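Enquirer: Found this in Swiss-Prot, in case it helps:
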- 21, 22, 23, 36, 60, 61, 62, 63, 114, 147: substrate binding site (BINDING)
- 198, 315, 341, 342, 343, 344: ATP binding site (BINDING)
């Protein structure tokens with residue numbers, strides 16, 4: 001069934017709630033990467049220019065404990081940043097579930113939806129309260145569309161009209177095109193610390209990619225599954241059986257050497273070792289020189305590159321080199337490059353490479369989930385929405 005787009009609707013004099021993705025990395029109150037905020041503005045501006053009576057923006061930020069306000073997770077930081085880059089008045093509201101008053105042409109930002117009890121559990125009553133705030137719901141948060149929560153899938157069931165936003169639509173259109181109309185060879189790069197969420201998509205992309213290059217916790221888990229000593233390195237013992245499904249695929253390339261340390265901090269000394277040289281007290285924190293050379297050789301031949309997750313511990317400067325070297329080879333290749341995931345985007349911003357990729361997705365888990373299944377819980381709900389399937393502009 002066709003999904004209603006925000007461009008299909010007459011927004012004039014309507015209360016419009018936009019579920020955006022403003023979940024950005026913040027350190028000591030400072031926004032480290034504002035990409036998601038910037039990309040969300042297209043839909044917000046579209047709604048304002050089409051004369052909505054009230055523009056309401058909702059988002060989550062991080063993983064606070066439900067029912068407990070925590071300033072570190074407050075959207076105060078986001079709103080203060082938005083005030084600098086948008087010309088309309090913006091106001092943050094903390095208590096909004098029972099309604100509120102808004103001035104004309106004012107943007108209302110709702111405080112972190114994850115402060116609300118029941119949000120993560122997709123509570124029906126909470127979903128209804130969100131829906132009661134608007135005439136039209138615009139689902140624009142691609143980054144959280146793989147989650148079934150009250151402000152994602154739940155609200156769609158109860159909003160008078162539910163539609164898809166401009167950013168969300170761009171994401172799925174681009175990723176579909178990249179998946180099904182990509183030039184070959186296709187090379188996929190996987191790293192990062194989140195392992196279990198990537199196993200399905202690794203298997204999927206290993207079937208359509210000429211090569212899959214892995215680092216980080218995923219490489220460690222594969223090495224551990226093969227019986228290698230990885231010392232104290234990050235790995236996922238709970239998913240060994242799933243890893244074994246693609247353990248010996250010839251197109252999955254794991255590092256041959258590593259940067260290791262016996263103490264993880266910014267003053268740590270480190271050594272380069274082969275897998276056979278790793279000791280019980282070692283932590284693998286980056287890929288080594290030989291692995292970089294091997295990966296770069298493969299990347300040079302690629303025509304399409306998918307990338308999710310850094311290859312080393314990028315939080316510490318001396319363990320970023322592997323990720324930086326590989327990123328440098330990607331941006332200087334002739335390949336179309338598609339990256340996704342918060343850590344990946346943050347790393348590229350650190351290296352000042354952020355504008356050098358063909359496409360940067362705002363999704364991490366959603367990016368992976370859509371690549372794996374070409375479907376998302378939020379998309380499924382939007383397809384079910386039948387109340388106004390014949391609703392026309394004006």
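Cβ from N, Cα, C; glycine included.
Looking at the shown structure, can you explain where the listed features end up?
Expert: Listed in sequence order, the residues of the same chain lying 6 or more apart from residue 21 (substrate binding site) and placing their CB within less than 8 Å of its CB are 36, 40, 59, 140, 141, 142, 143, 144, 362.
Within 10 Å of the Cβ of residue 341 (ATP binding site) there are 27 other Cβ atoms, across all protein chains.
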Enquirer: If you compare CA-to-CA distances from residue 60 (substrate binding site) to each of the binding-site residues 198, 343, 344, which comes out shortest?
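Expert: In terms of Cα distance, residue 60 (substrate binding site) lies closest to 343.
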Enquirer: Using C-alpha atoms only, work out the spacing between residue 315 (ATP binding site) and residue 114 (substrate binding site) and round it to an integer in Å.
Expert: 26
Enquirer: Given the binding-site residues 23, 62, 114, find the one whose Cα is closest in space to the Cα of residue 341 (ATP binding site).
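Expert: Out of the listed candidates, the nearest Cα belongs to 23.
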Enquirer: If one looks at the chain holding residue 342 (ATP binding site), which residues at least 6 apart in sequence have a CB under 8 angstroms from its CB?
Expert: 25, 33, 364
